[in-house]
Each structure stands twice: as structure tokens, then as C-alpha cells.
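Chemist: I have a structure I would like to understand better, so I am pasting it below and will then ask my questions one at a time.
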Amino acid sequence: MYCNDVAAVGAPTIFSFKPVIAQLRGPAAFSLAVVLICLVTASAVWVESDAYRYSCGVLIIAALVDYWRTPQAARPSIGWGGLACVIWALYVGLRYGWVFFSVPGKHGSAEGIYLFPLLFPTIGYAFFRIRDRLAGLADLFMLISLVMLGVTIDLHHVFDGERTPFLFQNNTIHASVAAGLITICALAYAENAYRNRANQRPLEQALRLALALAVIALCLLGIYGAKSKGVWLALALSLPIQALTSLVHLPRRQVLVGASIGLLGLAIILFIASAGIIRELAPVTASGLALFDATLLDGVGAVRTAIAQGSVPFSFNERLMLWMNALEIITAHPIFGAGVGWQRIWATTTYASVPYNLMHNGYVEIAIRYGLSGLAFFAALYAAFAWWILRAWQKRLLGTVEAKAWLFGILFFAVTLLTNSNNRLAIGESFILITAGFAFYAYYLAQLRVAK
């Protein structure tokens, strides 16, 4: 079970530390296959590919077959949250079909992700049904992460001032987002290893703590070398809070030791990386603050002036053009958005000559297609997800570590969306499917508890 939550009912064995073979229930080959499918589903953090789509497809088909064969009285209900997901997917599908067949011209790309809510309840049911087959999953995830980081990070170039790629991602931003998510998982893994002393031998605990610390160190090195400022911001907001919450339930002496180690680590990081951080952040921060002041006085006109004068760094200037184009479309279609036909309107915007139309802001991606109503739907949906996770944790159906890993993963990803369209990436799609599925899994667990 998890940490001190030894009474948790129905919780999966993701973080369980008994020997893997001893925990396999039923045919060992089936349990191994389940673990491998889950690893492939999470594989976008290591390799930017569509493999997770196929593994999710396997989970969905298996879940539907199992649901059909389960007696109706034993089936969990998808509830109002699942019904909202189905209605949203029908709404998106009908809008897409209407525009695609009735409006000629170019249509938007990456539109299928807005149909994902239709899959959330089913993936959650798959997690619910395989919850007792996940022995050793966390150990394998961490070991694979260590190997992937170790073979891809070039330590000789991390501090040379250039963007240094790592992991098997298409660019450094994608790699940084993936490494940030791995870091959050590694910290949760370390906390669980420390708090689960009763369920493992001292050597096992030491090895797991060393594994987690090595993964965290490599992730931070890679993120620093990749120089993705949005990920720096997201980690600066989420990681310290997660680390502090890890100390809450410890005795005072251990809290002092842990806090001292954390502060020492922070001091070392700042000592080594402060010059590079300042060099990267200073131009954007200075121009951003100046633009903010000008916008307070002159509104949108100040942004257009900054674009015309080129008074901000080049990459920032391009993003401003993208956001101004998006603002024109959103202003024209504020409530329901422009749908999948937004690219036809894009050609008429002021800065249509900008060489790409990836918005570099996940929230703008939603608003340009589905307006304020789309943003409101996803905000309400993830608020409900968070409530389900917290409720399952309060009822001891989920362990503390799992609940915190989910919450801080969501916080980290939500902040990264401010500076990049990560919801359109492989890492973003797989993250959305896993976290939403896990929320429905928690919802189904609560029904199991009520039934018992």
C-alpha cells in the first residue's frame, strides 16, 4: 500500500515495494503485459512518438469488452462528469463535421485532442480494472527514466550557453516539459521510498532514494541546459511546494534535516547556474516589464508598437504576433470560438505572415477554437477531477503520494501552457489521457467503497 495510508481500500500497487513476482496476481504474463502497456502509455516523456496512442487503444478496447461482460449491477457509473465528457465530445464532433463538410478551405490541425474527453471515462475504467496488476511499475518507470536521461544528456555542453537537447524529443522545449514531469514523479517516488520503511529492507530503500535523487539531478541538469524559460517558471512554482509538503508529516528533527538538505541543494543550484539563468531571463524580463507598463497606458496599441519596432527579443516578438492574431479571432468569436475553421480566418489577421500558427499558449489554443465556453468547460472539468482525487485521498482510497503527484503534475503542466502549446504535443496528449483517466479511476474507487 502507500506510505502511511496502509488502510487505503482498492488502491493500486504502483508504489508498492514487495518483490515484483510475489505481487503478481493471476497469470504472471498478463500482469507483465499490463505493466508494459502502462509504460508505453507514459513513454512520451522519453520518446516523442505516437506509441502511447496504440497502448491507450489497447486499454480502451479491453476496458469496453470488460465493461460489456460485467453484470450491470457491478458496473461503476460514469456519473455527471462522464456525461459531461460525452456531451462535450458530441458537441465538438458535430461542429467539426458541420464545418468540414459545409465550409470549403483549410481547416485547423490537432483538432482531435478536443474529442479526448470521450475517452476519459473508459481509460479510467481500464485503470480501475488493472489496479492490482501494477506491481513494480514505479520502479521500472524510474529505471527507464534514469537510462534515457543518462544516455542523452551531454554534460560537456550543459553549461556552455547553448540550448542542449536531451531525451528523444523533437526540441528542447518538449524535452524540458517531459523532464519536469519526470522530476515531479521522482520526488514523489523518493518521498514514498522514505516513508515506506516498513515495507522494504534498508538496502532497497537506499537504492530507491539514490535512484530518485539521480533522476532528479539529471532532469534539472537537462532542463537547465535546454533553457526553456517556461519550464523554469513552472518548476520554480511547483517543485518547492511539493518538496515542502513532503516534509509535513515527518518528525520535527527529520523536517529540519530535510529542509537543510533542500536549502543546500538550492544554494548549489543557484551558485552553479545563476549566471546562465540571469543571462537567459534578463532580456525577456526587462522587455516584458517595459511592455506591460506601456500596455497599461496604451492598451493593445503598445503591443503593436513593440512588434513594429522590434523592441523585444525575436522569439518573444513572434509570440506577440501569434497572440495578437489569436486575439483578433477570439474577439470576433468570444463565446464559442471559431471552431475548426479558424485557419481560414487566420489568413485575414494582421500578422498572418508569421511563419507558423502554433500559439505557444495552450489556453489560447482552446479559446481560438471554442471560446470562453471551451475554457470554462475544461476549467470546471479539471476542478471536478481535483475534487475526486482529494475525496479519494480523504477516504484513504488513494495514497498521499499518488494524490500529490497528480496535483503537482497538473500544476506544473498548467503553468507550462502559459508559454507553449504543450497540449498539442505527444507529451501533452499522453499526460491529459493519463491524468484524466486517473481522476475517473479515483471516482470509480469511491463508488467501490460505497458499495462495500
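For all residues, glycine too, the Cβ spot is worked out from N, Cα and C.
Heads up, here are the entries from TrEMBL:
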DOMAIN    215-379  domain 'O-antigen ligase-related'
TRANSMEM  28-46  transmembrane segment
TRANSMEM  80-100  transmembrane segment
TRANSMEM  112-128  transmembrane segment
TRANSMEM  135-153  transmembrane segment
TRANSMEM  173-194  transmembrane segment
TRANSMEM  206-224  transmembrane segment
TRANSMEM  230-248  transmembrane segment
TRANSMEM  255-278  transmembrane segment
TRANSMEM  366-390  transmembrane segment
TRANSMEM  397-419  transmembrane segment
TRANSMEM  425-446  transmembrane segment
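Any idea what these are sitting next to in the structure?
Modeler: For the transmembrane segment (28-46), the list of distant contacts is 21, 52, 54-56, 58-59, 130, 133-137, 140-141, 144-145, 148, 167-168, 178-179, 181-182, 425-427, 429-431, 433-434: same-chain residues at least six beyond its ends, Cβ to Cβ under 8 Å.
With a threshold of 8 Å between CB atoms, the same-chain residues lying at least 6 positions outside the transmembrane segment (80-100) that come near it are 107, 111, 114-118, 120-121, 339-341, 370, 377, 381, 384-385, 388, 440, 443.
For the transmembrane segment (112-128), the list of distant contacts is 12, 56, 59-60, 62-64, 66-67, 76, 78, 81-82, 84-86, 88-89, 92-93, 366, 369-370, 374, 381, 423-424, 429, 432-434, 436-441, 443-445: same-chain residues at least six beyond its ends, Cβ to Cβ under 8 Å.
Listed by sequence, the residues of this chain that lie at least six past the ends of the transmembrane segment (206-224) yet keep a Cβ under 8 A from its Cβ atoms are 17, 139, 142-143, 145-146, 149-150, 152-153, 155, 158, 164, 166-167, 175-176, 179-180, 182-183, 186-187, 189-190, 193-194, 200, 231-232, 235, 269, 273, 276-277.
Among residues of the same chain six or more beyond the transmembrane segment (230-248), those with a C-beta under 8 A of the stretch's C-beta atoms are 173, 176-177, 179-180, 183-184, 187-188, 190-191, 223, 254-255, 258-259, 262, 277, 281, 404, 408, 411-413, 415-416, 418-420.
Panel annotation: around the transmembrane segment (255-278), residues 159, 161, 220, 224, 227, 232, 243, 246-247 of the same chain, lying at least six beyond its termini, place a Cβ under 8 Å from a Cβ of the stretch.
Tertiary neighbourhood of the transmembrane segment (366-390): same-chain residues 81, 84-85, 88, 92, 108, 111, 114, 117, 326, 329-330, 333-340, 342, 359, 398, 403, 406-407, 410, 423, 435-436, 438-440, 442-443, 446, selected by CB-CB distance under 8 Å and a gap of 6+ residues from either end.
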Chemist: On average, what pLDDT score does this prediction assign to the domain 'O-antigen ligase-related' (215-379)?
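Modeler: Per the prediction, mean pLDDT sits at 84 for the domain 'O-antigen ligase-related' (215-379).
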